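Undergrad: These came from Swiss-Prot, pasted as-is:
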| type | residues | note |
| --- | --- | --- |
| BINDING | HIS116, HIS120, ASP307 | Fe cation binding site |
| BINDING | LEU138, VAL139, SER140, GLY141, GLY142, ASP171, GLY184, ASP188, ASN277 | substrate binding site |
Amino acid sequence: MTEKKELILAFESSCDETSVAVIENGQRILSNVIATQIKSHQRFGGVVPEVASRHHVEQITLCTQEALEQAGVTYDDLTAVAVTYGPGLVGALLIGVTAAKAIAYAHHLPLVPVNHMAGHIYAARFVKPLEYPLLALLVSGGHTELVYMPAAGQFEIIGDTRDDAAGEAYDKIGRVLGVPYPAGKEIDRLAHLGQDTFNFPRAMLKEDNLDFSFSGLKSAFINTVHHADQIGETLDQADLAASFQASVVEVLVTKTLRAAQSLKVKQLVVAGGVAANQGLREGLAAGIESAGLDLDLIMPPLRLCGDNGAMIGAAAHIALAQNTLADLDLNAIPSLDFPYQNEL
């Protein structure tokens, strides 16, 4: 029997990428159009919400048209419309939500609301089918979370950052090093050229929880650089980057594998913008091997680690099957989060 073809038009506009995708049956990308705003925000050293919103207004219709054309489909072929409604920048989110609602209304299509962070996790569906229970390490500019999924569509935060997210720490360190925004890719490159000579702190590494903290590392890094400036000492940029990244990766890997062992999960999904970091990818793979864990490590391709509409379509396919739909009064929720589970 031929599988029924479900085509979802998916919108992502939570931060500084406008993306529209057409996804078939939750696992095949027919189109994934992304309009990035990085150059517009680089001179500010970070994302300016008002600038981001204006760019989304300019790009959302163009991206929608291009996504449909690349996929070779029309509105009449669609099964549903999906959209990120949080977390993110409220003005940016509203552009995508408004566009999705307008199309759903005009073409009498179901509207599927998607948590942006769930989208990052479900990007792994483009690599292989997910098996539950699984553990996801979510690392981005705004989040550093360990998420336990006992089943499809069920998310429980078991570890979170107490202060800065990992990606946020990378960008702040990048400003100190004089690296253009976004700094993660360049710091990762420099780290592979240097050595861990500064031995920066590994916060909360030995504490009996799965939470993270990167503010102490950030402060130690900044103080080291400022002290060197005051005494006229020149520090090796590659060694600084390597020392910073070694601290971040060791903490992320240690806590993640500790959780995976406790929960006896089948798969470990690495998701979010920082999932593109080669140091983190290498560290997790090496950690799993050295610990002798029977754990399937799933990492989306680099092009799907950042914000994109395809991941929203993958998540929406699950939500649609579970009849998780929204009315036309759907609104943006900038602080949207998963439920918390404090004890393993």
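Placed from the backbone N, Cα and C atoms, the Cβ positions cover glycine too.
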Undergrad: Give me the long-range Cβ neighbours of ASN277 (substrate binding site): same chain, 6+ apart, Cβ under 8 Å, in sequence order.
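TA: The answer is VAL139, GLY184, ASP188, GLN245, VAL249.
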Undergrad: Determine which residues of this chain, when HIS116, HIS120, ASP307 are set aside, have a Cβ within 8 Å of the centroid of the Fe cation site's Cβ atoms, and list them as they appear in the sequence.
TA: GLU12, SER14, THR84, MET117, GLY119, SER140, GLY272, ASN308, MET311, ILE312
Undergrad: Find the one among the binding-site residues HIS116, HIS120, ASP307 whose C-alpha lies closest to that of LEU138 (substrate binding site).
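TA: Checked the binding-site residues HIS116, HIS120, ASP307; minimum Cα distance to LEU138 (substrate binding site) goes to HIS120.
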Undergrad: Would you mind reading off the Cα separation of SER140 (substrate binding site) from HIS116 (Fe cation binding site), to the nearest angstrom?
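TA: Cα-Cα, rounded: 11 Å.
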Undergrad: If you count the C-beta atoms lying within 10 Å of each candidate's C-beta, which of the binding-site residues GLY142, GLY184 ends up with the smallest number?
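TA: Least crowded of the binding-site residues GLY142, GLY184, by Cβ count within 10 Å, is GLY142.
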Undergrad: Just to verify a number: CA distance, HIS120 (Fe cation binding site) to GLY142 (substrate binding site), in angstrom, no decimals.
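TA: So the Cα of GLY142 (substrate binding site) lies 13 Å away from that of HIS120 (Fe cation binding site).
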Undergrad: What residues, ordered by sequence, lie under 8 A Cβ-to-Cβ from HIS116 (Fe cation binding site) and sit at least six positions away in the same chain?
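TA: Correct list: GLU12, SER14, THR84, GLY86, PRO87, GLY88, ASP307, ILE312, LEU336.
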Undergrad: What count of other C-beta atoms do you get within 10 angstroms of the C-beta of LEU138 (substrate binding site), across all chains shown?
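TA: For LEU138 (substrate binding site), the count of other Cβ atoms within 10 Å is 28.
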Undergrad: So for HIS120 (Fe cation binding site), how many other CB atoms are inside 10 Å of its CB?
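TA: That number is 31.
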Undergrad: Inside 10 Å of the Cβ of SER140 (substrate binding site), count up the other Cβ atoms and send me the figure.
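TA: I get 24 for this one.
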